[in-house]
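What follows is a set of notes on a single structure, which appears directly below.
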Amino acid sequence: MKRVPSCVLEPTVVIMARALCLLGLVLTLVFSSSVEEYVGLSANQCAVPAKDRVDCGYPQVTPEQCNNRGCCFDSSIPEVPWCFKPLQETECTF
C-alpha cells in the first residue's frame with residue numbers, strides 16, 4: 001500500500017479552491033461595476049430618489065462618460081435612469 005504524503009492535496013480540494021477563487025473574482029467584478037460613482041460631485045448631490053431622477057445619459061453610457069457630462073451614475077436600481085442630473089448644492093445666504 002502506497003502512502004500519500006500529507007502535503008499533497010487531493011484533486012477535488014484543488015478544484016474547489018480554484019472554484020472559490022473564481023467565484024470571488026466574479027463577485028468582485030460585479031460589485032465594483034455597480035458601485036455608485038460620483039466623480040467631481042458630492043454624495044449629497046447624487047442622493048436623488050429614484051422617482052425624481054432626470055435622465056442625463058443615453059443607452060449603454062459608461063460611468064466615466066456619465067461623469068464627464070457632469071452627471072451622477074448609480075446602477076444599483078433597475079428600470080430607472082442610471083445616469084442622472086445631480087441635485088444643485090445650495091448655499092445659505094442671509
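The backbone N, Cα and C atoms fix where each Cβ goes, glycine too.
Just so you know, TrEMBL annotations never went through curation; they're auto-generated.
What you are looking at is a predicted structure, and each value in this text was computed from that prediction instead of being measured.
Noted from TrEMBL: Cys46 is disulfide-bonded to Cys72, selected from Cys21, Cys71, Cys72. Out of Cys21, Cys66, the record in TrEMBL bonds Cys83 through a disulfide to Cys66.
Neighbour density for Cys56 (disulfide bond): within 10 A of its CB lie 18 other CB atoms from the protein chains shown. Across the fold, the C-alpha of Cys71 (disulfide bond) and the C-alpha of Cys46 (disulfide bond) stand 8 Å from each other. Across the fold, the C-alpha of Cys66 (disulfide bond) and the C-alpha of Cys46 (disulfide bond) stand 12 Å from each other.
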